[in-house]
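The structure appears below as structure tokens.
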């Protein structure tokens, strides 16, 4: 297993480097550079000034040289400096990463748990009213855009009912500590995490349902029944476990999509995470910061995928670690 | 309807407030929205709008300006101008300290000027007329100009020329100086905390030189990226101040109807944002003056004002906003007249060539305005293709002259020599630059008028020159002037005296207080 992990990590590093190079050129395809943006904000037109800015940012050097400097930095774990925010990129990302991890992991956990739960119920009671209700709701949540769900959530739970805060990570100025702080953050987390998780929950519900119905028809389930096992044990130990494989695959693939969805969720709920940082960096053509966020996100996706592969093995012992 | 309601509210709150001579109360916390999150707070190095709004509380300039743009003392307590209008002497206020306790002196002024010349594009341009700056003693600064420069007293406001602490910046690498992220100024509020992506917290400066001020204990600038979420934050009582431009215009009538809500359009006199359409004078049909005039006649600017901007602002008559010095409305008029536009297009021989329109990527309001203008232009037979970009992409296209019509709005800074001439003089045609003469208009007479206007004395002579320039420009239509914008500032009515100068919320909250 160790050699399997080592091999995957090595492959991951190569993929990451390829992503860095690709992103480097991709970003520069967008018109406008940081010097143009900053001169624009200053509301002034002075060629010497813009030239100075370009020199300061190192944008006057030939593109391959800029790439070489950047890759050299990444290899030595230096993500560079954001001239725009006058701070090292690693520090800027470090400040935001915990909030994003909290949001995405909560959303992920909620969606997976509820999705599998609802899917199991739907499959168990296939063809009944409960099944239809779950399927219809799953379809609705699957089809609704995240930003719309978010806005409707705010309208209902913040404006009309005043149950949950509409924005932010914590109550600003409340200076809470300990448990009170944790409760405060949790209150702020509910809506963004649910919003982000609903789409995925819907997907897992449908996937679990379909997969369970398929497994249920297989011969080994009949055998289990013939052995006289109780229905609950059959469902849990034999059907669900086998039915989970496609769900795990999907969950692994979703790690990237989850971060994409976080950009929108963080924007609507003013959640101080990395998604919003990426969006601002893009608008301001903050190349180093944007590349830094991409590197971190890509690394996260690679790690998630590695975890997925490991979980496979746990769920289905028949799968060998290819070495 | 919204127009009348808004006007009523403006009268009730904006205008009536100063006449109610209430005694200010001390204490309290204000929650205001800041949008977007500023990239940094070091005003000498970052000049974007939100930075100015937050840092206007931390830093100060030598002067501030009244709503009528008369200079008022800030760090300079008095000033005098020599007979030949080439020497300006500023007497600095004594007893002013930086937030770290060190005294503010003339040495800081000299240092700031040197630094700003390298870091602040507009200060650099403004200071181009200065021959030398000297400090005969700790509290006197003397500027000697190369030649008289009419608007000179208009360049000292905090956003245009913020004072920087010499003892913290001298001899350091400015771009990585740790005080960029924990700025130290002389202003009424001190930087306390910045939770990136969440809020910026400023606290009262207990040693502020104006005794008794500021009245507030703290200001929280809340960072809420989504426009609808900002409206909700106000509706649910989480924030008390929505500075101009922080919510979409279509939300303004709804929010202003809420209980205890006041709205004002004041505080934009110094900036005088003027919106116009860049018209690429170089190529295609728009190279013909008659086509450009047709564009002016074709666009229903009253509709844009009343519907898209909720009745706020004013239809522009030419290159100067009406709040700018030497403004005249004695110029050619362009009322909404589609028939006349069609006739002019026919006369110019326009044959339906495609014209690219670049809206401004500043949110829904501007998007809608882009659609309205497109509709107007298509109604008179102009073949419009809308090009979608983000702000940086749009700037690049405009700077590279790769457009036909493009939306913009620019600040005018109180004087035609500071914020008007730059867009029409031919020496400002430089590819790769935004916000200069990107339309490519070139008229030696205009060049001469603006060159003369900046240095002419006395005032009556300047007036004559600038009025003439306005007449010529309005006839030539180098760009299509749309509206003098007013961004409504929405507050709870308990927030008093928020806007007291022509610089508005960018001038800091030093006079503001809460009527609890």
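From the backbone N, Cα and C atoms, a Cβ is placed for every residue, glycine too.
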If you check TrEMBL, which stretch out of A:216-242, A:243-269 is marked transmembrane segment?
A:243-269
Cβ contacts the transmembrane segment (A:243-269)/the transmembrane segment (A:101-122), at least three under 8 Å, sequence gap 6 or more:
yes
Quick check: do the transmembrane segment (A:12-30) and the transmembrane segment (A:189-207) share at least 3 Cβ pairs under 8 Å, counting only pairs 6+ apart in sequence?
no
Please identify the stretch among A:101-122, A:134-157, A:289-312 with the greatest number of Cβ pairs below 8 Å relative to the transmembrane segment (A:189-207).
A:101-122
